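TrEMBL has this to say about the protein:
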type    : residues                                                          : note
DOMAIN  : 10-156                                                            : domain 'Alcohol dehydrogenase iron-type/glycerol dehydrogenase GldA'
BINDING : D39, G96, K97, T98, L99, D100, T118, A119, A120, S121, L129, Y133 : NAD(+) binding site
BINDING : D123, D173, H256, H274                                            : glycerol binding site
BINDING : H274                                                              : Zn(2+) binding site
Amino acid sequence: MAKDLMFVSPDKYIQGAGLLEHSADYIKQLGSHLLIMADELIWEIVGNEFASYLEDNDFTVTKVTFNGEASVQEIDRITTIGQENHNDVVIGLGGGKTLDTSKGIAKALDAKLVIAPTAASADAPTAGLSVLYTEDGTFDQYEFYPRHSDLVLMDTQVIANAPVRTLISGISDAMATNIEAKATSQKHGVTMGNGAATFAGRAIAAECERVLWDYAFEAVESNKHHLVTPALEAIVEANTLLSGLGFENAGLAAAHAIHNGFTAVKGDIHHLTHGEKVAFGAMVELVLQGTPHDELDKYINFYLTLGLPITMEATHLDELSDDELHQIGVLATQPDETMKNMPFAVTPEMVVNAMKAASAYAHAYEESHELHPIFVNKALVNA
């Protein structure tokens, strides 16, 4: 039976500089007993000030420190705290794993959900799902929720103050959106909303990629100087709203399946961010699809200019044995993985060959072109 056309989204998305400092009126529409969760660093950077502002505006605030892993166990732990304090609104303040955990807590409490990212590092904020892991960091499951967040607050000044690496990771994650959407469309595959893609979903995915081509490099320069500019605003929207609505309403395919496949192995690849791993996954998908070299070169130049890891060496996959690489391919091609949205059957061997080929193509491009990276990721250089 064919899937029904479906489009899903959060109730309200608001973006602007200094937004957290005047967000009380938006939050009051949802409730007054708040559970705010953030990790230790985010509490220091912005969380304590945000909580004080809300308390000054007559909210009751329960502050909880996130342990760092989006897991069923962490959702259960914080849910118990919320039950004890009768919280009717959950606010996730921080990065992707914090936000994904807050979604599970809001569902368990039957509370309203406010998503407040502190970086534009991924497209999790607008999605009605969580990526959950085991306590040791192995991919566990996608958890789908019956409703999306009630409010997304994107404070672009907070994001402009965040590390440049986080913005670039979000750009990389967002660049995969249209690549995967096109593959899903060719397959007539199922979206993450568990429906068939609408024209709107596919159009948003395409617009996401256009904004990235047009504004990514300018936005990175703005981020380096902690400046909120039109380019930064455009990329924050692309990384978050366009990519989030795009992937959920137009589908994921090989790039994210390969990202999940990486959890089959241990090693230095796990020093990379979600977006950095997705960059290599997207390259592998482009190779699997037989992308013509002129088009492939455009993506390679984009990734390398942003200092993203798209070779076996940069991702530390060169440190793995062939058996370990095969394990990645096996996990990436499991029947319930998003690899099923590729327009042809993909085997573990095809994944391994495409990883090696993508790396070889990137090396060949580096050797034959003069590159001018606008960001050098010291964490990768020194890894």
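Numbering starts at 1 and runs along the chain as displayed.
Using the three backbone atoms N, Cα and C, a Cβ is placed for every residue, glycine included.
On a predicted model such as this, the values are computed, not experimentally measured, just so you know.
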How would DSSP class D173 (glycerol binding site) in three states?
helix
Length of the line joining the Cα atoms of H256 (glycerol binding site) and D39 (NAD(+) binding site), in Å:
25
By Cβ count within 10 Å, point out the most packed of the binding-site residues listed: L99, A120, L129.
A120
Tell me which residues of the chain lie with their Cβ under 8 angstroms from that of D123 (glycerol binding site), as long as they are six or more apart in sequence?
G170, D173, A174, T177, N239, T240, S243, G244, G246, F247
Would you please pick out, from the binding-site residues K97, H256, H274, the one with the fewest other Cβ atoms within 10 Å of its Cβ?
H274
Around the glycerol site (D123, D173, H256, H274), what further same-chain residues have their C-beta within 8 angstroms of the site's C-beta centre?
G96, A122, A124, S172, A174, A176, S243, F247, H259, G275, V278
In three-state terms from DSSP, label K97 (NAD(+) binding site) for me.
helix
Between H274 (glycerol binding site) and K97 (NAD(+) binding site), find the distance joining the two CA atoms and give it rounded to the nearest Å.
10
Within 10 Å of its Cβ, which one of these binding-site residues (D39, D173) has the largest number of other Cβ atoms?
D173
